[in-house]
Amino acid sequence: MALFLAFFIFLNISLTSAQVVSKPKSLNETCIGDGSFFLEIGIYRDSCPEAEAVIFAWVQRAISDDPRMAASLLRLHFHDCFGCDASVLLDDTQGFVGEKTAGPNLNSLRGFEVIDAIKSDLEAVCPVTVSCADILAVAARDSVILSGGPGWEVQTGRKDSLTASKTAANNNIPGPNSDVTTLVSKFQNVGLTLGDMVALSGAHTMGKARCSTFSSRLNNNGNSNSPDINVDFLQSLQQLCSQSDGNASLAHLDLVTPSTFDNQYYVNLISGEGLLVSDQVLVTGDDQTREIVESYANDLMIFFEDFRRSMLRMGSLGALTGEEGEIRKNCRTVNQF
């Protein structure tokens with residue numbers, strides 16, 4: 001109980017420091033097409049009151065052991081949430097090829113064992129109650145808080161999917177070499193705006209990426225007179241990636257504050273230090289996205305507020321509720337009946 005109370009004191013401090021305002025009621029109800037479903041705040045208050053404290057404790061432990069894990073857990077939720085149904089956690093079966101080997105996920109997603117540990121503890125405390133999809137959503141929020149970012153009350157009530165699709169993951173998740181048009185299209189296809197896309201891209205203020213994901217950036221330093229080219233930055237990346245195991249080498253998405261959730265990512269973009277093509281094009285590829293980038297670079301709290309709102313919107317995408325889906329006992333496999 002002490003851990004549970006400490007967690008919520010910590011969350012309330014974070015919410016205050018981020019100057020988060022109260023959510024309008026419309027954020028508690030999300031409509032898709034002709035149907036509607038509800039995600040609620042505090043759905044486990046009675047059925048599993050320890051849930052969020054258990055998740056927070058595991059996330060805190062994982063980040064303490066490996067600071068990069070904060071970005072990894074946030075990324076897991078992102079890559080699940082062009083569906084938000086924990087399909088990204090499913091291992092391959094004879095019936096389907098899952099999402100773990102899809103292009104945007106292979107050799108990129110990590111942290112599955114942390115989710116396994118959280119689920120195991122929750123099954124011991126309150127069996128078949130907390131969904132894997134909700135664990136991903138709460139763990140992502142906790143990762144942001146523990147890295148110095150804003151907090152928000154996670155809406156819960158998601159169910160877990162019964163299947164996964166490698167094809168869908170390949171088609172829906174934007175790749176690291178996407179231009180602005182592609183990025184906007186991918187986000188709009190699931191109901192997110194251009195503004196959501198720029199705000200959510202700020203998650204790249206933490207974490208690392210393999211050289212293979214930004215190799216095309218390394219060939220774009222030919223015109224040293226271009227204001228959009230940071231030759232010194234690109235040459236440093238070329239040196240890193242020219243090693244014998246170059247493609248597997250890792251570079252910080254944010255060289256300045258790599259483990260802190262802040263607005264340095266946007267400052268870096270303006271300086272030509274976006275690691276991925278899909279990062280740097282937010283400044284070079286579109287006047288509207290550049291304007292948003294500049295506003296976030298200039299005001300941390302504007303970024304925090306927009307990121308929080310966009311996370312709430314993203315967290316409702318494709319959520320299964322009611323009679324849809326199930327509460328998995330093991331996040332890697334569907335329940336056996």
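Just so it is clear, glycine is given a Cβ too, placed from its N, Cα and C backbone atoms.
The model shown is predicted, which means the values in this text are computed figures rather than measured ones.
Per TrEMBL, the features are as follows:
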- P174: substrate binding site (BINDING)
- T205, D254, T257, D262: Ca(2+) 2 binding site (BINDING)
- C48-C126: disulfide bond (DISULFID)
- C81-C84: disulfide bond (DISULFID)
- C132-C331: disulfide bond (DISULFID)
- C211-C241: disulfide bond (DISULFID)
- 1-18: signal peptide (SIGNAL)
- R75: site 'Transition state stabilizer' (SITE)
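Spatially, by CA atoms, the binding-site residues P174, T205, D254, D262 include one closest to C331 (disulfide bond), and that is P174.
Geometry remark: C84 (disulfide bond) versus P174 (substrate binding site), CA distance 16 Å. Between the disulfide-bonded residues C126, C132, C211, C241, C132 has the most other Cβ atoms inside 10 Å of its own Cβ, all protein chains included. In sequence order, M206, V256, P258, T260, F261, N263, Q264, Y265 are the same-chain residues whose CB sits within 8 A of the CB centroid of T205, D254, T257, D262, the residues recorded for Ca(2+) 2 being left out. Local packing around the Cβ, expressed as the count of other Cβ atoms within 10 angstroms, is greatest for C81 among the disulfide-bonded residues C48, C81, C84, C331. Of the binding-site residues T205, T257, T205 has the largest number of other Cβ atoms within 10 Å of its own Cβ. C81 (disulfide bond) sits 24 Å from C48 (disulfide bond), taking the C-alpha atoms as the reference points.
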